[in-house]
Amino acid sequence: MDLLLINGPNLNLVGKREPSIYGSQTLEDIQEELLTLANELGANLKFFQSNSEGEMIDCIQNSVGSIDGILINAGAYTHTSIALRDALLGVAIPYVEVHLSNIYSREEFRHKSFLSDKALGLVCGFGANSYQLALEGIVSYLKRV
């Protein structure tokens, strides 16, 4: 089972940017923990991070035929990008939306997601553990289909 975790804009700053909201673990630390968990779950996990919407779309499109499931934290693009939504729908790869913070307990403009209604699920608000929960969820789903 091959999985891809896509992180969007500013997530390269996790651990440094607003730690009271996003936590103190760096993206590299989170990814290291996820690799261990993925291995335990029998999954291969690849990582991609970009601040560019176009690069994220290219990554999604290039995943066809090589990736069984996607975990995506689109960052601020969650609330603005119909293009990311269209890319995810276009490749028809199951995906789980992930956020470190609870987007529904923050500013009103963060309450709208262009991704969640078509996702297998949405995990938010558990800090770095959101990624682990999302990983466990998508692996469980893919083992059943």
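Heads up, the Cβ atoms here are built off N, Cα and C, so glycines get one too.
Taken from Swiss-Prot, the feature active site, proton acceptor applies to Tyr22, supported by sequence analysis.
Positions annotated as active site, proton donor by Swiss-Prot: His99. The Cβ of His99 (active site, proton donor) has Asn73, Thr78, Leu122, Val123, Cys124, Gly125, Ser130 as same-chain neighbours under 8 Å, each 6 or more residues away in sequence.
The substrate binding site annotation in Swiss-Prot covers Asn73, His79, Asp86, Leu100, Ser101, Arg110.
Per Swiss-Prot, site 'Transition state stabilizer' is recorded for Arg17, and the stated evidence type is sequence analysis. DSSP assigns Arg17 (site 'Transition state stabilizer') to coil in the three-state reduction, placing it in neither a helix nor a strand. Sequence-distant neighbours of Arg17 (site 'Transition state stabilizer') (same chain, 6+ residues apart, CB-CB distance under 8 A): Asn10.
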Residue among the binding-site residues Asn73, Ser101 whose Cβ has the most other Cβ atoms within 10 Å: Asn73
